[in-house]
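**Q** Just passing along the structure, written as structure tokens.
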Amino acid sequence: FKNGQGSTLYGDNYKTHENGSLEMFMARKEDQGIYTCVATNILGKAEAQVRLEVKDPTRIVRGPEDQVVKRGTMPRLHCRVRHDPTLRLMVTWLKDDAPLYLGNRMKKEEDGLTIYGVTEKDQGDYTCVASTELDKDLAKAYLTVLAIPANRLRDLPKARPDQPRDLELTDLAERSVRLTWIPGDDNNSPITDYIVQFEEDRFQPGVWHDHSRYPGSVNSAVLSLSPYVNYQFRVIAVNDVGSSVPSAPSERYQTNGARPEINPTGVQGAGTQKNNMEITWTPLNATQAYGPNLRYIVRWRRRDPRGSWYNETVRGARHVVWNTPIFVPYEIKVQAENDFGRAPEPDTYIGYSGEDYPKAAPTDVRIRVLNSTAIALTWTRVHLDTIQGQLKEYRAYFWRDSSLLKNLWVSKKRQFVSFPGDRNRGIVSRLFPYSNYKLEMVVTNGRGDGPRSEMKEFPTPEGVPSAPRYLRIRQPNLEIINLEWDHPEHPNGIITGYTLQYTPCTLPCLPSAVNGSRMGRTVVENLSPNQTRFTLQRSDPISRYRFRLRARTQVGEGEILMEDSPALLDEEATGPPPTAVEETSPETTPETTPETSPTTSPTTSPTTTPTTTDTTTTTTTTTATTTTTSTAASTAASTSAAAERAPAATTRHELAANGSSIWDIRAMANSNWANITWSHNFSAGTDFVVKYITSNKTEKSIPVKAQGPSSVQLADLTPGMMYKLWVFPIWSHPSEHSYITFTTSSAYTKNQVDIATQGWFIGLMCAIALLVLILLIVCFIKRSRGGKYPVRDNKDEHLNPEDKNVEDGSFDYSDEDNKPLPNSQTSLDGTIKQQESDDSLVDYGEGGEGQFNEDGSFIGQYTVKKDKEETEGNESSEATSPVNAIYSLA
């Protein structure tokens with residue numbers, strides 16, 4: 001019998017043996033109880049009772065799994081056990097069928113074993129034994145340890161972990177559940193965290209929310225749950241690289257409903273119109289509803305005087321109360337309710353009905369001028385009963401009506417200044433000087449502005465002017481700079497003049513003398529109010545200038561407009577970064593002729609372009625085919641100007657390993673300094689180093705901070721010295737071939753202009769030389785004509801028509817002694833040429849005399865022979881004589 005029942009136990013699960021024993025084939029929970037055995041015979045009856053308790057079996061629901069791990073990692077062997085809670089559970093671990101010694105590297109936990117810094121000695125069979133006083137269960141796994149050196153472990157590629165898998169829900173309860181998962185591979189980066197997310201399908205189906213976060217050593221957690229939520233979970237693993245793909249969702253688990261435990265928050269009451277009050281709140285979310293048919297009970301009543309409560313049940317998140325007085329306080333309550341009941345009693349909030357516009361305006365508005373841009377206001381406040389709402393602020397509306405300067409257009413846009421709170425004074429600033437203003441005051445509540453006060457007018461005194469509209473700088477040549485500017489946009493008074501300050505500086509003019517920029521003495525010019533142009537005579541062709549211009553009124557000087565003179569042509573950037581790796585241009589100084597670089601790379605071919613003195617020969621030392629082409633100057637004047645601008649200029653291109661590059665490195669040198677500029681596309685915080693070496697191997701380096709411009713000045717250089725220069729980031733090193741060269745000018749040149757290279761001087765010298773040549777030719781002609789004797793006028797009848805000298809009207813003569821006359825011209829080759837005319841004047845005269853004399857006309861005796869034969873030697877002498885050439889020309 002069982003539990004005192006009188007019926008005999010029969011059925012498929014029971015068997016009674018002949019000796020009276022009772023056998024159960026499978027014990028179940030419902031089989032436990034008190035069993036009575038009754039034995040009878042003719043002599044009597046006997047009975048015995050026994051108590052049977054049926055316990056849950058001990059089972060390992062998740063045992064250890066075979067693993068292959070790397071040395072130094074942290075493997076975890078799982079052993080999660082389910083047993084009867086009335087029995088004491090004991091979990092032990094065996095390694096290779098022997099009890100495991102737990103040292104400081106092993107940690108035995110409730111549901112597993114963790115080994116820290118695993119080594120080859122830890123490899124083997126691991127057995128988890130779960131036992132009670134009634135039964136036991138065991139599970140076994142093999143751990144394999146790979147002996148990979150630690151340095152190789154660092155080199156293994158790391159990635160996000162694989163997604164967890166096999167999610168399981170156990171230990172189901174009203175407000176909790178245990179979630180268990182199997183971790184994925186960590187991909188050479190240990191898992192640091194697990195993120196558990198949930199989704200419910202009533203309020204926001206398909207939207208996942210974070211539930212909780214657990215350390216990477218955990219693979220099971222007890223999750224707290226809310227009533228009336230149909231949960232579904234998933235797990236995300238996180239390591240140093242990133243997050244894994246979410247796991248597959250678990251099965252759903254529905255919790256039972258309950259009444260709400262909290263009420264809505266953020267309860268407010270405010271009017272949207274003058275006769276209503278809108279009550280709003282923040283509704284409960286899906287995990288706060290706790291049951292079906294969530295709704296809200298809204299209650300309200302006037303606070304003063306206290307009246308009866310009104311209530312309304314709504315399902316949304318707002319309720320509007322109509323026909324309320326203007327701006328009166330109300331007490332408000334909002335309580336949550338579902339089909340299981342109401343939430344606890346809610347808190348009371350204070351709200352106000354709608355506002356209306358104020359009925360009164362500030363009075364007795366008074367204005368006191370503080371300066372040219374500010375005034376002080378005072379007024380009489382309005383009575384609180386006329387505000388019809390909550391006082392927010394007083395406002396002063398003002399606008400510029402006109403300027404005290406004639407024919408100056410002004411904007412009449414209305415502006416306002418707010419004075420929050422219940423106050424009666426304030427300051428209005430940022431006004432325009434020398435103008436007429438109008439002003440009105442209002443009071444403002446939550447609905448808007450009240451009526452305007454009486455309009456007030458006031459002028460502002462003169463102030464200092466704004467900056468001139470613009471300042472244009474033009475440099476028609478290297479001797480002068482022309483400035484042109486416009487009057488200030490806001491004169492703020494009567495302009496009495498302009499103040500112009502200019503300061504010479506080297507390199508790009510900086511706010512202070514940094515990075516090699518040197519500022520000279522500042523010159524101040526006071527100009528008339530109608531003057532808008534100024535011409536500056538440059539002190540030298542190299543320096544730039546910083547100009548500061550401002551206008552003046554009787555009050556003082558206005559804002560400064562500052563501009564720097566434009567860079568010289570050689571200093572301008574040459575465009576975007578190059579595509580070539582390197583490009584080097586050895587320089588040529590203005591005093592020398594360009595030469596091709598004596599050495600070139602074996603893998604390149606030099607390209608030479610003949611140019612003027614400021615042009616350089618380009619040698620390309622790169623695998624690309626980039627070539628720099630220089631254009632020759634058209635005149636000597638431009639050549640000289642270029643030489644003055646850049647005594648030595650070089651450029652180069654360099655591409656860094658990360659794709660950033662330095663290009664357009666330029667050196668503009670004087671006798672003892674050089675300005676170095678470059679362009680680059682490195683990051684904004686990159687510092688640079690400028691390194692230069694002289695021809696006698698003296699080396700120096702200058703750091704250039706990232707805050708400054710990409711330029712530096714090298715000082716204390718040696719005149720006439722050649723330098724090699726590198727520019728590179730501070731974290732890099734200069735390449736052996738990526739340098740430029742430049743040569744400082746000789747000491748005597750300084751910044752003086754060489755007059756021998758000026759165009760006007762060269763033209764003047766050419767004109768003088770041409771004039772001297774013409775005068776010499778005229779003198780030669782006069783000399784030669786002065787040595788001939790005109791006989792045609794007196795001896796015409798004696799001339800032989802066959803003589804060709806008759807055609808010229810003169811006769812040649814020669815000295816019999818082959819000696820030149822005093823003051824006569826000798827031949828150009830230094831020898832005295834013998835004249836070849838041997839004709840005698842006797843043959844053409846009246847008498848037989850062989851000679852004749854002319855009183856005072858000739859010195860010596862001249863004989864002209866009739867014979868016209870000429871020797872070959874004399875013909876050659878006549879042909880080569882420069883004097884005869886002059887005769888022919890004459």
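Glycine is treated like the rest: Cβ placed from N, Cα and C.
Curation plays no part in TrEMBL annotations; they are all automatic predictions.
According to TrEMBL:
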- 245-257: compositional bias 'Polar residues' (COMPBIAS)
- 580-650: compositional bias 'Low complexity' (COMPBIAS)
- 790-807: compositional bias 'Basic and acidic residues' (COMPBIAS)
- 821-834: compositional bias 'Polar residues' (COMPBIAS)
- 1-55: domain 'Ig-like' (DOMAIN)
- 57-139: domain 'Ig-like' (DOMAIN)
- 163-258: domain 'Fibronectin type-III' (DOMAIN)
- 263-356: domain 'Fibronectin type-III' (DOMAIN)
- 361-463: domain 'Fibronectin type-III' (DOMAIN)
- 467-578: domain 'Fibronectin type-III' (DOMAIN)
- 245-268: region 'Disordered' (REGION)
- 558-653: region 'Disordered' (REGION)
- 790-890: region 'Disordered' (REGION)
- 760-781: transmembrane segment (TRANSMEM)
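Are these features on the surface or tucked inside, and what are their neighbours?
**A** Counted with DSSP, the compositional bias 'Polar residues' (245-257) comes out as 0 helix, 2 strand, 11 coil.
Applying DSSP to the domain 'Ig-like' (1-55) sorts its residues as follows: 3 helix, 25 strand, 27 coil.
When averaged over the domain 'Ig-like' (57-139), pLDDT in the model lands at 89.
Using a Cβ-Cβ cut-off under 8 Å and counting only residues 6 or more beyond its ends in the same chain, the region 'Disordered' (245-268) has close neighbours at 162-165, 167-169, 172, 174-175, 177, 179, 181, 197, 199, 201, 208, 225-236, 279-284, 288-292, 294, 296, 317, 332-344, 346-347, 349, 351.
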**Q** Let's see if you can do this one: DSSP helix, strand and coil counts over the domain 'Fibronectin type-III' (163-258), in that order.
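**A** Tallied per class, the domain 'Fibronectin type-III' (163-258) gives 0 helix, 48 strand, 48 coil.
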**Q** By DSSP assignment, list the helix, strand and coil residue numbers for the domain 'Fibronectin type-III' (361-463), in that order.
**A** 3 helix, 52 strand, 48 coil
